[in-house]
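Positions annotated as transmembrane segment by TrEMBL: 40-57, 69-87, 158-177, 252-279, 286-303, 315-337, 349-373, 379-398.
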């Protein structure tokens, strides 16, 4: 096995933990405590450091080695988890929110370092497999922190949960510190940095980023490609919760089983890319995703939690949605990495972080608004809006032939 892949898999695994914790565990926890959809959606603001990470990406890119930034960020994550273990969301919600915000900051720094390591380590023919490992590793971390921990949280409690996460971060930090591939990359990058003058002029950096071939099409794509899907994945489980399904059931089916389908989809996406082109696959899966979203919208009108058939249909819709979403995510990050590899090595991690920031911004902004939209116009009208947004994404993907990218 290529030794680069297990390393990247572990690094992306721990990177997915904060996302799973806040996207799967926290909303269900807060809803069972009686909070409104609007307030639950506003907790997405804790992801704000991910939007701003492009501001500190040039520092990670041009000062020190990626390995040093990686070790610093994971040590910060281990410490924030220990602090959170000593707090209680029921009585210390504001401090817990602050700690989660800080956790997202350290996770965003780690993301920049790991993406830079991946861009530099992977050869062109390895990018597809590397991004499969990236997405699968990230989602496994998300599954552990989201569905897995949600299922056992009643037994182990909030404090033990975060002590466990801190131990994971400490273990991976030690593994990264002694990894030969990272040591070799660190020495190579240090030698190259001596011959290059760092530039932190924001306007100049932005001009360099936008001048990379294919950047404009890609940045529009990452902003819009998941808007409809994101609205549905964040709100449909809450619809099921309000209509008779328990938090434990959702932890199992939405937090673990459906995420398992997402991981399978991501893995298959990497295999298919070795046979077909990324863009031809993207067009096909975008159309299929649109059909799945239409089916889920139909379920809003007929769902009955007392019917096993209806429950099965709802679980099937979630599983298919996550499977297709996994395929699309792997293809998307492969397209992003290919685009970033066209940039000068001095700004490759910054370029990738720029695209990744826009990708998170599109999802985060709409996730923060989705609950308010549902509170305002109801579930059916909201899902029709999600369908319209998904249709717009399909149109943009088909425009790639016109742009000649």
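Any Cβ shown, glycine's included, is placed from N, Cα and C.
Automatic prediction, not curation, is the source of TrEMBL annotations.
Here the transmembrane segment (69-87) has long-range neighbours at 11, 14, 18, 60, 95-96, 99-100, 102-103, 105-107, 109-110, 112-114, 117, 158-163, 165-166, 169-170, 172-173, 176-177, 182, meaning same-chain residues at least 6 beyond its ends whose C-beta is under 8 angstroms from one of its own. Contact between the transmembrane segment (349-373) and the transmembrane segment (40-57) is present: at least three CB pairs lie under 8 Å, with pairs separated by 6 or more positions in sequence.
Away from its own ends, the transmembrane segment (252-279) comes close to residues 24-25, 128-129, 131-133, 135-136, 139-140, 142-143, 146-148, 150-151, 237, 240, 315, 318-331, 334-335, 397, 400 of its chain (Cβ-Cβ under 8 Å, at least six residues beyond either end).
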